[in-house]
Amino acid sequence: MSDLSKGIILVCISALASAFMALFYKLINTDISIYEKVFARGLCSTIVAFSLIAHLRKKLNKKKALGTLKADAIYPAFICQPGNAKLMLLRCLMGASGIITYVYMVNYMSLADADMFTKLTTVFIIILGLFFLKVDKLNAVQVVVVVISLIGAALIIKPSFNNPLLLGYSIGLLQALFGALAYIAIRFLLTQSKNKEHPLTIESALALTILLFSAYPAMQTFTAYNGHELNYLYLAIATVSALVAQYTFSFALKYAPAVEVNVYQYSSLLWSSLFGFIFFAFIPDLMSLTGYCLIVCGGLLLYFHNLKVYRKQQKLKKLAQEAK
């Protein structure tokens, strides 16, 4: 099996796990508070991330002692590297806000709608890139993607003061914005900061922030275990699914570049729609379906554009190496 095939399979598993996470959060509904759900995820994520960092640091120390450590190897910090505290704090606050708004969003709208709003993060990244990523201007493809995706979002939201889900949809847009800001901060931390961060450090800092941020409100809103055993089982499954989604996607990027496999994240819409129909008898109306199609088409258009640019760059790089 090729590395690309492995990457695609892992991204598809990640998308399925994300759909399971959303399903079990919604099955719990409001019987368990948002903060309890977030706290459970933060606790498990912190344990896993810190354990992986400790293992990797031990492994790197062993290589250093043997003299086989690569010069460009990055030691993962548990919180952040010196000089990155402010940017890491921004990443963690945006990431934590994104997770909290996502859980709220799943509580109050259909699984398919919630899944589509997570895909709008790409649109906000394109727009914010003008201000934060030193992008001089948008190319024609990016403009088309932004326009059709926002039209798709409007068809799903159906803006009206009479729409009872208007608040939930507004939270969904905020979730996408938080996700975009978190992505931009991550990009700086991984590629442009003086002391570059290890991806595991990004995960551990976020997990710890979620844990600390949600601990007190989770205790205040704690629901007694008795009589809610099934809900806590659902919470455990949702938490494990979140971790599976997170780490399978990370491992996918070890086998293939993001530009090659990102598009397969859209398979989560199929699972979300299927679960929504089976468990909640939800059938989207024509306007929502049209909105889904526009957002997916925007994602596909951007994927093929980025893939074309990436392969052209790789070809030029290969020719330059052969010419030396």
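Glycine too: its Cβ is placed from the backbone N, Cα and C atoms.
Unlike curated entries, TrEMBL annotations are predicted automatically.
If you look up TrEMBL, you'll see 6-157 marked as domain 'EamA'.
Proximity of distant same-chain residues to the transmembrane segment (7-26), defined by a Cβ-Cβ separation under 8 Å and at least 6 residues beyond the stretch ends, is recorded for 37, 103, 106-107, 111, 114-115, 234-235, 237-238, 241-242, 244-246, 248-249, 251-256, 260-262, 264-268, 271-272, 275, 279-280. Taken from TrEMBL, the feature transmembrane segment applies to 7-26 (among others).
If you look up TrEMBL, you'll see 38-56 (among others) marked as transmembrane segment.
The transmembrane segment feature in TrEMBL is assigned to 88-110 (among others).
Marked as transmembrane segment by TrEMBL: 116-133 (among others).
As annotated by TrEMBL, transmembrane segment applies to 140-157 (among others). Taking Cβ pairs closer than 8 Å, the transmembrane segment (140-157) reaches residues 113, 116-117, 119-120, 122-123, 126-127, 163, 166, 169, 173, 287-288, 290-295, 297-299, 301-302, 305 in its own chain, all 6 or more past its ends.
Under the heading transmembrane segment, TrEMBL lists 169-190 (among others).
Residues or ranges marked as transmembrane segment by TrEMBL: 202-219 (among others).
Residues or ranges marked as transmembrane segment by TrEMBL: 231-251 (among others). The list of residues near the transmembrane segment (231-251) in space but at least 6 beyond its ends in sequence, with Cβ under 8 angstroms from a Cβ of it, reads 10-11, 13-15, 17-18, 20-21, 23-25, 27-28, 31-32, 36-37, 40-41, 44-45, 48, 199, 203, 223, 225, 265.
Here the transmembrane segment (263-283) has long-range neighbours at 8, 11-12, 14-16, 18-20, 22-23, 26-27, 110-112, 114-116, 119, 249, 292, 296, 299-300, 303, meaning same-chain residues at least 6 beyond its ends whose C-beta is under 8 angstroms from one of its own. According to TrEMBL, the feature transmembrane segment maps to 263-283 (among others).
Under the heading transmembrane segment, TrEMBL lists 289-307 (among others).
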Averaged pLDDT score, the domain 'EamA' (6-157): 86
The transmembrane segment (202-219) versus listed stretches 38-56, 88-110, 169-190, 289-307: most Cβ pairs under 8 Å: 38-56
Per Cβ pairs under 8 Å, the stretch of 38-56, 88-110, 169-190, 289-307 packing most closely against the transmembrane segment (116-133): 169-190
Positions on the same chain near the transmembrane segment (169-190), where near means CB under 8 A and six or more residues out: 80, 84, 87-88, 90-91, 94-95, 97-98, 101-102, 104-105, 108-109, 113-114, 117-118, 120-125, 127-129, 132-133, 153, 156-157, 163, 196-197, 199, 202
Close approaches to the transmembrane segment (289-307) from elsewhere in its chain (Cβ under 8 angstroms; 6 or more beyond its ends): 112, 116, 119-120, 122-123, 139, 141-142, 144-146, 148-149, 151-156, 259-260, 262-263, 266, 269
